[in-house]
Amino acid sequence: MSDFLRLAEDIAREAGDMLLAKRPTMSEEIETKSSPTDVVTALDKASEELIRERILAARPGDRILGEEGGEEPGDSDVRWVVDPIDGTVNFLYGLPEWAVSIAVEVNGQVVAGVVNLPARGEVYTAALGEGAWLGAERLRCNTGVPLAQALVATGFGYGVSRRAVQGQVVAAVLPRVRDIRRGGSCAIDLCSLAAGRVDAYYERGINPWDYGAAGLVATESGARLEGLHGRPVSPEFAICAAPGLFEELHDLLAAQNPERDA
Ligand code: LIP
């Protein structure tokens, strides 16, 4: 295991333990961000502060991009991409699907990723070219699944007009697949795909802190993760599935023009 991965895992575990211990007493301190439904708790901020402190203590000079605190300036080739709680609404409601996500990029490429699900007791890790793991178990995504038999995870943004389009898109997808899952965390959806718990995932509007670490878990499990029409994954669009299913789902989604705004 690389030094990057070891450090990221130690920090993600420490932040997760802190969040589990403090969740019942602090989660009612809520602010909103991009819309009234887009919440941030005091613990999102506390988790990110802890993670930033630990990274900079171990690797002063590295850059950090965090969901709550934005980008830490610097000229290092190494950038840490941090989501202190992915699935904040689940966290707030006491649902177990929330995660601490830490990715390490070198020259813009993710080389290590950790997604810690404290309430489920699961830690997903991946290192570039070395595989994806749930604890000690090597992960392989499901292969050979036709679109009509695919369990497809997706998510919805917080903005009203984007949600209106996302509702139309999912209405076109639902009759063509086994079923849809909306878990509430991009990071967990991608890790679930790597673990064979869903077959595919798509979403518009996710950010590098949502998909940085889990994206590597998914691709190291054998999945393709891209945007539409061969573009790289980005906040514009993300599709993830094993080759074969990826193309079928891509073509269904592309026909819906899902990057349009209402
Ligand atoms: C969440 C994403 C999820 C999306 C949610 C939300 P947050 O991130 O991971 O995929 O569907 O609406 O954006 O806000 O919990 O960090």
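Quick reminder: no glycine exception, Cβ is built from N, Cα and C everywhere.
Residues or ranges marked as Mg(2+) binding site by TrEMBL: Glu67, Asp83, Ile85, Asp86, Asp210.
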Nonlocal neighbours by CB distance (under 8 Å) for Ile85 (Mg(2+) binding site), same chain, sequence gap 6 or more: Leu19, Thr41, Leu43, Asp44, Ser47, Phe91, Trp98, Ala99, Val100
Neighbour tally for Asp210 (Mg(2+) binding site), based on other Cβ positions within 10 Å of its Cβ: 27
The one of Glu67, Asp83, Asp86 whose CB sees the fewest other CB atoms within 10 Å, among these binding-site residues: Glu67
Mapped DSSP class for Glu67 (Mg(2+) binding site), helix or strand or coil: coil
CB-centroid shell, 8 A cutoff, Mg(2+) site Glu67, Asp83, Ile85, Asp86, Asp210, site residues removed: Val82, Pro84, Gly87, Thr88, Ala99, Ser101, Ser185, Cys186, Ala187, Asn207, Trp209
Where Asp83 (Mg(2+) binding site) falls in three-state DSSP terms: strand
